[in-house]
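Working notes, beginning with the structure itself.
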């Protein structure tokens, strides 16, 4: 820890998302989302944050972080995805935000973290342009109600995951297998982002940015074919989601898959950002596609590194590599690491402490190389429902007994508290 020296005004935080922790799926007028009945394991009551938020904010205060990144549940605010807001849903977030602010913690508001109202998905979801308009209306509702307390805003969390995992390969809700025909969902999310930036600023938001999932992509070998495959995957996972908002254009490889109106929408999409959020977990590896593969790349496992309990490779230096590359490629606004974390079991979790220590050292190295990074958010405050993997992965600094909802701070909680207090 002695080598982890950061500026005095560096923003330390933790992140969560509504669907993963709130529970109360049928209370106070909340409508169904695409995740409620997806997969083999249901979120159900999750960590019951809806009823235990005061206890969780007390944990935030004990942790000593300066910021808490949270998301609003779209189906709780607009049960059908449009129309007048549900007053009970707004009232819950009033109570939560008041509690967070009273603890001296700055809330960072994520407008959307994957929980599309089911009615909107039934109407076409992110495959249709109209969803972007509905999203802008939803963002305006949040801005008008909460911008007095939420100063930093993120319209969409990880649109790459929605496009690739949700619409291309069906690992996440809504469970579509469209492969490259899923790419229009990226554009419609970008349009939603741009419209939401406008709506939030009109409502008085002080700072609006992003939270994009990014991974360095390595070729499986030094061959030209593997390098070409890695370049294509990099364009899909990184360029498709960074280029439009930062440069006002799409990667050339992907323009044939975009809607005909895409170019006309780019001025709205490329709104100037106050910050750029990076969610980093692991790199990716690509090889030339084998016979019968309809994609221009083939994923390969990352070998030779230790792994987390959910089998993700632990590659801290790839974070440094990613940030330096992005700073060279783009005219970046200030950067925040809006998610970084790992799954390990147990309250005594030295592996998590080692993971965070090594990633923060890599982050510090990127800053020393000139990357303007202003803050870091651990994923996550609590163990929670990890989407298609259910409750098995445990990413929290706080252990949750799902049978009793008992919260127990882990060793990593104490370690992070000591770090942020320096």
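Each Cβ is built from the backbone N, Cα and C atoms, and glycine gets one as well.
Worth saying up front: this structure is predicted, and the values here are computed from it rather than measured.
The following features are taken from TrEMBL:
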BINDING   20, 113, 157, 281, 379, 386, 387  substrate binding site
ACT_SITE  158  active site, proton donor
ACT_SITE  339  active site, nucleophile
Task: Proximal but sequence-remote residues of the same chain as the residue listed as 'active site, nucleophile' (Cβ under 8 Å, at least 6 apart) - done: 15, 211, 213, 279, 280, 281, 377, 379
TODO: Work out how many Å separate residue 386 (substrate binding site) and residue 158 (active site, proton donor) at their Cα atoms, rounded off.
DONE: 15
TODO: Starting from the Cβ of residue 386 (substrate binding site), draw a 10 Å sphere and report how many other Cβ atoms land inside it.
DONE: 18
TODO: List the other residues in this chain whose Cβ sits within 8 Å of the Cβ centroid of the substrate site residues 20, 113, 157, 281, 379, 386, 387, in sequence order.
DONE: 17, 114, 158, 339, 380, 384, 395
Open item on the list: Among residues 20, 113, 157, 281, 379, 386, 387 annotated as binding substrate, what is the maximum Cα-Cα distance? Answer in Å.
Closed with: 18
TODO: Would you identify the secondary structure of residue 157 (substrate binding site) according to DSSP, in three states?
DONE: strand
Task: Coarse DSSP state, helix versus strand versus coil, of residue 113 (substrate binding site) - done: coil
Open item on the list: Helix, strand or coil for residue 379 (substrate binding site)? Use DSSP.
Closed with: strand
Task: Residues satisfying Cβ distance under 8 Å from residue 157 (substrate binding site), sequence separation of at least 6 - done: 17, 71, 110, 112, 113, 114, 211, 279
TODO: Measuring Cα to Cα, tell me the gap between residue 20 (substrate binding site) and the residue listed as 'active site, proton donor' in whole angstrom.
DONE: 15
